[in-house]
Amino acid sequence: MHNIHRRHFLKAAGAVTAGLVTANIALNANASSVAPKPSSGKSVIGLIAPKMEVVRVGFIGVGERGFSHVEQFCHLEGVELKAICDTHQAVVDRAVEHIVKQKRPKPAVYTGNDLSYRELLNRDDIDIVIISTPWEWHAPMAIDTMESGKHAFVEVPLALTVEECWQIIDTAERTQKNCMMMENVNYGREELMVLNMVRQGLFGELLHGEAAYIHELRWQMKEINHKTGSWRTYWHTKRNGNLYPTHGLGPVSQYMNINRGDRFDYLTSMSSPALGRALYAKREFPADHERNQLKYINGDMSTSLIKTVKGRTIMVQHDTTTPRPYSRHNLIQGTNGVFAGFPNRIAVENDGFGTSYHKWDTDMQKWYDKYDHPLWQRIGKEAEINGGHGGMDFVMLWRMVYCLRNGEALDQDVYDGASWSVVNILSEQSLNNRSNSVNFPDFTRGAWEHAKPLGIVGA
């Protein structure tokens with residue numbers, strides 16, 4: 001949803017903050033020694049929905065991110081774009097115009113207020129809903145979607161509180177509907193190749209990973225009335241932690257089989273001073289501008305360390321403020337070698353190419369030739385043509401539709417979305433308690449121990 005009135009944001013953010021205070025107290029106990037929350041339904045690990053000959057799609061939010069999804073779905077076979085919803089008429093008109101230009105039927109439109117999306121959910125000719133709205137709407141919209149009998153596909157993060165995570169999981173288990181957080185980075189060419197390398201044992205036993213979202217986004221502060229910065233800026237005044245952990249953490253979690261043989265155990269976190277946003281506002285806005293009246297509290301650099309039940313470690317960082325090159329780190333270290341991204345480089349003992357592990361090998365072509373993921377081999381060229389973050393967006397949506405049409409389980413489930421997103425909340429709880437460790441809830445309720453690892457799919 002392209003726009004949200006500031007008063008609605010402040011109300012929602014205030015509720016989140018209040019919830020965190022309560023959660024901080026509740027999670028001081030050792031969660032690892034507490035039995036998981038009982039379920040009112042059946043686990044959705046490996047959930048397979050009945051095959052859909054055609055996937056009928058509704059879109060909630062067609063602004064920045066949502067419009068990109070509309071564009072990509074227009075390139076996919078076996079889908080119908082049935083309805084769209086947004087509070088901002090201009091982006092609704094743009095989406096409708098684009099769909100019609102692609103020679104697809106004109107979708108139904110729902111707009112007018114923040115709850116117009118419920119009219120879309122009342123339709124009986126929609127199978128899945130793509131949710132691309134401000135963060136505070138993700139959980140309630142996902143829950144409403146599943147309650148309406150539809151599968152929910154949600155932009156990142158999945159939720160903003162531990163309780164929201166549990167509510168989403170409980171709803172998915174009770175309704176037996178998919179709720180997938182659309183972590184597109186898991187479908188990048190490099191990430192898929194590294195997953196293939198890991199599954200073939202190239203790095204030996206895994207020990208350590210590093211993940212990040214380092215992306216200078218101060219310029220979004222100039223988006224005042226519409227677009228992402230019109231609402232995301234305020235989160236830097238409400239929270240102090242890792243606001244956006246999933247882009248880097250998703251791939252590393254899949255390398256390590258998190259929730260499929262291992263799981264996150266506990267986390268410790270700290271943040272640097274919060275200086276950059278205020279300095280930017282002072283430089284770029286008039287002294288009496290609202291951006292200069294805000295108190296920015298989110299540390300410019302957030303660093304968290306995660307320990308898994310199997311003893312592995314993961315560093316997760318967040319920085320959208322300081323001037324530096326983009327990075328997600330994407331590092332995975334095993335007993336036989338290491339891969340690191342940004343830029344891509346690898347060092348492996350006995351790598352088969354006669355290269356010494358004492359220095360980085362940056363010639364990636366031979367590695368692509370040997371380990372390129374079958375999924376990218378099949379549709380990589382089409383993905384590069386259609387775009388979307390280098391093609392990863394197209395691959396993700398293509399794979400979602402393929403699974404739904406062919407009766408296969410999705411690659412990411414609701415437990416993944418909750419586990420990766422909850423770093424947002426736990427990092428803040430740790431920071432507020434002098435960086436003492438905070439335990440992860442076991443969102444799978446113990447099922448992680450027997451869940452099948454994500455394989456190397458060929459379609």
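A Cβ is built for glycine as well, from the same backbone N, Cα and C atoms used for every other residue.
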Subject >> Additional site residue, ARG232, ARG260 [criterion: listed by Swiss-Prot with TYR213, TYR244, PRO245, THR246, HIS247, TYR326 for substrate] >> reply: ARG232
**OP:** Return the residue out of ASN184, ASN196, ASN292 that Swiss-Prot annotates for the same NAD(+) site as GLU64, ARG65, ASP86, TRP135, GLU136, TRP137, HIS138, GLU155, VAL156, TYR244.
**Re:** ASN184
Original post:
Distance between THR246 (substrate binding site) and HIS138 (NAD(+) binding site) at the Cα atoms, whole Å?
Top reply: 15
**OP:** Using a 10 Å cut-off, grab the number of neighbouring Cβ atoms around the Cβ of ARG232 (substrate binding site), all chains included.
**Re:** 19
Original post:
What same-chain residues, at least 6 away in sequence, bring their CB to under 8 Å of the CB of HIS247 (substrate binding site)?
Top reply: VAL156, GLU183, VAL185, ALA211, TYR213, ARG328
Original post:
Which entry in the list of binding-site residues, GLU64, ASP86, GLU136, has its Cβ near the fewest other Cβ atoms, using 10 Å as the limit?
Top reply: GLU64
Original post:
Whole-number Å distance between the CA of ASP86 (NAD(+) binding site) and the CA of PRO245 (substrate binding site)?
Top reply: 26
Subject >> Site of maximum Cβ density within 10 Å, from binding-site residues HIS138, VAL156, TYR244 >> reply: HIS138
Subject >> Number of other Cβ atoms within 10 Å of the Cβ of TYR213 (substrate binding site) across all protein chains >> reply: 25
